[in-house]
Amino acid sequence: MVNVLTVTVLDCNDRPSAIFFNSSLSVHDNTSYKVVIPENSPSGTSLTNLSVVDEDVGQKHKCTLREGGSYFNINSVSKSSSEIRVKRDAILNYESHLASPITVSVECQGNGSPPYSVQRNFIVQLSDVNEAPFDISLNSSTVVEENVHVGYVIGYLTCNDSDIGQSHVFTVTGNYSSVFQATSSNYLIVKDPSFLNYEVLYPFTELTVTIRATDQPANGTGPPLDVISDFKINVTDVNEAPDDIRLIPENVTVPENVSIGYCLAQVTSRNPEQWQTVAYTALNYRDLFSIEDKCKDNSSSVSQGDSNLPYLTVKSHLSYDDYIIRGYQILIKAEDNGIPPRAFNGTVKVHVTKVDPCPWSTCHVDATCSRVNWQNYTCACNDGFSGDGASTALK
Ligand SMILES: [Ca+2]
Ligand SMILES: [Ca+2]
Ligand SMILES: [Ca+2]
Ligand SMILES: [Ca+2]
């Protein structure tokens, strides 16, 4: 008798044995599976594909992230493979993960009974990407006086950068790149002080200076990046002394018998602050000349001049005889009413011409007139004549 033993092999569910990862970003080392992804990768960037190894043909597997779900999500591609991608709004910041790489833990569960699952971990390491600097700041009062020297330090420049340890090169660009300069030690200095002239700039004394900061990235992290910012720098006034004291008209020539009170010329000067008042004082020949606010002698052609300018006036007779160089160099002080007041001394010239009374002398025709001074003369009889000169007689 033959007994037939029929053995029916019943399928029973086996555990999935492994998860295989497959990524172009993967780096294998001896101990673990690791994926390196650039920081700031946008959402949807593929991190890795994975497939579940299971002897039970035809089973489906549902994979979920046990760890790493803050940064990534996982989606089914087919019944036993899935893809992990960067999640929306995930912040993948190299600098904040330097000391703590991201661990991703995947668990895949089959649809058999009982529902066995398999779990694998891997490491996501972020690689550094250069990020643009931001927030340039100028550590200063942003006020500069006019007339400062070359190299005057306006302030110190700094900026922020997400990249750790980067240094930055600052440059002045735009309208005022010839006026200001950023040094290699990050000071903003004055390059051309002649531009910082309050009176020339007025009323546009607030300058908008544009500064660029360029970073210096580590090799392989991308090109240098920059940021620009505008800074307002106010040029403030400094009182400057008047200079260039002169007469109007410039060349003054008067006869020695000019009358007392005669207005020779008006006195002026160049004062950078044109809104100020300038006071003039004669410092020499004060017995001969005075400087008056008004001209009282209408006989002078300058008497109707600029009412804001004072008059150089004859105070006593200008004797040609007493004065060998026939002119006066009058030292005048011009002082403004700025705070503090500033003064300057300058010289003006007045020429005096000789007056000869002989043309209208009463000397006799047979006498010779000689000038004594501007109003006196002597009459001397010519040879062959005698008398007092006013009347003569033949000898
Ligand atoms: Ca970076
Ligand atoms: Ca940077
Ligand atoms: Ca000034
Ligand atoms: Ca002044």
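Cβ atoms are placed via backbone N, Cα and C, with glycine included.
Unlike curated records, TrEMBL annotations are generated automatically.
The structure displayed is predicted, hence computed values, not measured ones.
What TrEMBL records for 29-135 (among others) is domain 'Cadherin'. On the 0 to 100 pLDDT scale, the domain 'Cadherin' (29-135) averages 92 in the predicted structure.
The feature domain 'Cadherin' is assigned by TrEMBL to 144-251 (among others).
Annotation comment: TrEMBL describes 246-361 (among others) as domain 'Cadherin'.
Marked as domain 'EGF-like' by TrEMBL: 354-391. Residues 255-257, 319-321, 326 of the same chain lie 6+ residues outside the domain 'EGF-like' (354-391) yet bring a C-beta within less than 8 angstroms of a C-beta in it.
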